[in-house]
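A.B. asks: Take a look at the following structure, please.
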Amino acid sequence: MKTQLLSLGVALTAISQGVIAEDALNWPFKPLVNADDLQNKIKLKDLMAGVQKLQDFAYAHPEKNRVFGGAGHKDTVDWIYNELKATGYYDVKMQPQVHLWSHAEAAVNANGKDLTASAMSYSPPADKITAELVLAKNMGCNATDYPEGTKGKIVLIERGVCSFGEKSAQAGDAKAIGAIVYNNVPGSLAGTLGGLDNRHAPTAGISQADGKNLASLVASGKVTVTMNVISKFENRTTWNVIAETKGGDHNNVIMLGSHSDSVDAGPGINDNGSGTIGIMTVAKALTNFKVNNAVRFGWWTAEEFGLLGSTFYVDSLDDRELHKVKLYLNFDMIGSPNFANQIYDGDGSAYNMTGPAGSAEIEYLFEKFFDDQGIPHQPTAFTGRSDYSAFIKRNVPAGGLFTGAEVVKTAEQAKLFGGEAGVAYDKNYHGKGDTVDNINKGAIYLNTRGIAYATAQYASSLRGFPTRPKTGKRDVSPRGQSMPGGGCGHHSVFM
């Protein structure tokens, strides 16, 4: 009773000073958030209306996408800001920043046969260069992986172990005039070099099947490749949107995030309109409750160009401010059409990549969400290839949900989750077909309820959660092994 009277007194004082929003007037009388009630506020119609809104933003402009710095993305962040500001429940801000945008297209022809290829973003241009193809050894991550005759040649490199940028730089150092990276799992390959670097060679990605075929041809004879890469670059102003509950303990912050941008090819509705709307729907539902711990939501810009927005945000916080963030939950692609229910492997039991202390407990909480309903789930590699990367590098516990990108579903997974074996989790990943029709309604609804479940648990109490590790730096680069994807920038952007 004393606490209630104190809260009411604070509210009345604020009213007398004329500085409190209408929603906050009701704060002392709202029930404390709990998992069941918050989940029950999640409605499929709201989720589908939200992703439709994002598609409308994209299609209102000639580019038909929501790439950072573009009109469709600006409409997206303005809408998120205005919707949450209108609730009166959150302190909302837009965080401006400038990043280098790149658009690249590639054409690759080998021995007279055209191959499907994607230029790596930030690749140097190549004007119809023609040269003999040579093979890099051991994934091309070290200078010794390149044969002496690499100079003046185009080099074929298998994906894995190190970043695309490292491979391209090593190829450039070896005086290759071009680099082609082929996938190490079935399917096409698109990605980024992570930024401009004068060491980079012009670089494109191709499928595993095409890459293996080229490697076989090189081993048995000469292969001549013609490669064309067109690249454009432009500095663009863009924004993160950050919203934090006005109530709750602001020294114990629960943070959730999703990236709000798309690739150039389409509107990006599963990747990552699904996560964007998932956490927004939870944020709106949360306004019906009070919280013990403050909840902060982040919508990150420029994820598709190298996790730029989330990295900018984390870098803007000193150790004292970041220490207030007790955990970070990431949601990137939660409506994949051929989905699998996947939880980031916080304890490292599946992929030997553990998160900071507390990441295991986040994984176990999501496991309980699925287990309590008898719903199957599996771990996904916690490699730091989505927006949680900047957080775990600074020792913030992290976790989240993911329903799959371009990795092909196995027969065993099809038995477990349904869907079609031999087909990617999202066959429209990074394509123009990533529209509202690409969303699996059951997946986005279930996983958004999972977001609500975790939000309610941690917003009400952190009892039993490990003491927040000291803010510091840690290496999250997965070297020496190849892992399936764990998100959007996740699977194919860097490595």
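Just so it is clear, glycine is given a Cβ too, placed from its N, Cα and C backbone atoms.
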A.B. asks: Quick check on the annotation: Swiss-Prot has His259, Asp271 binding Zn(2+) 1, so which of Asp197, Asp332, Asp345 does it put in that site too?
C.D. replies: Asp332
A.B. asks: Out of Glu234, Glu304, Glu321, which does Swiss-Prot tie to the same Zn(2+) 2 site as Asp271, His430?
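C.D. replies: Among Glu234, Glu304, Glu321, only Glu304 appears alongside Asp271, His430 as Zn(2+) 2-binding in Swiss-Prot.
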A.B. asks: Would you identify which of the glycosylation sites Asn142, Asn235, Asn272 has the most other C-beta atoms lying within 10 angstroms of its C-beta?
C.D. replies: Asn272
A.B. asks: Across all the protein chains here, work out how many other Cβ atoms are within 10 Å of the Cβ of Asn352 (N-linked glycosylation site).
C.D. replies: 13
A.B. asks: Under a three-state reading of DSSP, tell me whether Asn235 (N-linked glycosylation site) is helix, strand or coil.
C.D. replies: strand
A.B. asks: Spatially speaking, which of the recorded positions Asn142, Asn235, Asn352, Tyr429 is closest to Asn272 (N-linked glycosylation site)? Use C-alpha to C-alpha, please.
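C.D. replies: Looking at Cα distances from Asn272 (N-linked glycosylation site), the smallest one goes to Tyr429.
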A.B. asks: Work out how many Å separate Asn142 (N-linked glycosylation site) and Tyr429 (site 'Transition state stabilizer') at their Cα atoms, rounded off.
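C.D. replies: Here the two Cα atoms lie 30 Å apart.
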